[in-house]
Amino acid sequence: MKCKFCSREAYIKIHYPKMYLCEEHFKEYFERKVSRTIERYKLLTKDERILVAVSGGKDSAVTAYVLKKLGYNIECLHINLGISGYSEKSEEYAKKQCKLIGAPLHIVRIKEILGYGIGEVKTRRPPCSYCGLTKRYIMNKFAYDNGFDAIATGHNLDDEASFLLNNILHWNTEYLAKGGPILPQQGKFIKKVKPLYEVTEREVVAYALAVGLEYIVEECPYARGATTLDMKGVLNELEEKRPGTKFNFVRGYLKKKKLFEPEIKEKEIKECKICRMPSSGDICAFCKFWGLKKEINFKVSSTDEEPFGP
């Protein structure tokens, strides 16, 4: 098949809207789609300092690459989770990605600052639970300590549709009231944005291959059997039969999101006695779980690795 816009061979078939695109026109299409998402939801401005959380995977790498290409002021943060055999590979991919992108890279290794890696802590909590807590805290604290205006993550349309379906099935109305492509800044909680909110996982993979971004393909050993994978499977079946299902599902939710806002429960926000970050109690969940006695200061004067790129 030929590209819709030129005589070159098609690189990819876009299912919604249905069209064939060559590699060059696909890259233009993808970048334009991300740019429009940023503009539509007022995610970012060119004068903001943006911290992109890069895991070594495809989504975060593509997020950093596109934001850099669109002219945004980005730096990257990689959190090494201390998972033997997996985290070492992830860090190496993050380094390669930032070298190609030309973005400064900061690295936080939790085993060095907390004493244990994910999966090494003696606790009844599943690894995914305290891993998520740890990553969210470090991303926000690092961004706050270093004066960033926003944190950008690599959540794509498939991720958002699966989260949405799971939260509807469990009637998690607080998530439904707060979900979406942007979480505005609130005090010491830095603004979080999702530039890939309306692009599919398939499109992200195709773009990464087109621009030469290598990424880790192995899944985290603790992610197997995760509910998200089940939700994605259901949505993929629906998408196969009715192209546009994921997009319309997520867009429809955003139109009706205000219906859930009365469900938001106002919580008293305190300041953690240890790290001075926002907390619902005297000690925040992060400091409590890791047994911290003093604040971790993530302020840096230069990147942990030399800034990559030109």
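Every residue gets a Cβ built from N, Cα and C, even glycine.
Of the residues Cys22, Cys76, Cys220, Swiss-Prot places Cys220 in the same [4Fe-4S] cluster site as Cys128, Cys131. Residues Ala53, Ile79, Gly154 are given by Swiss-Prot as ATP binders; from Lys95, Lys96, Lys135, that same site also lists Lys135.
If you count neighbouring Cβ atoms within 10 Å for each of the binding-site residues Cys3, Cys131, the highest count belongs to Cys131.
Checking each of the binding-site residues Cys3, Cys6, Ile79, Gly154 against Cys284 (Zn(2+) 2 binding site) by C-alpha distance, the shortest gap belongs to Ile79. For the pair Cys128 ([4Fe-4S] cluster binding site) and His25 (Zn(2+) 1 binding site), the C-alpha distance works out to 38 angstrom.
All protein chains included, Ala53 (ATP binding site) registers 22 other Cβ atoms within 10 Å of its own Cβ.
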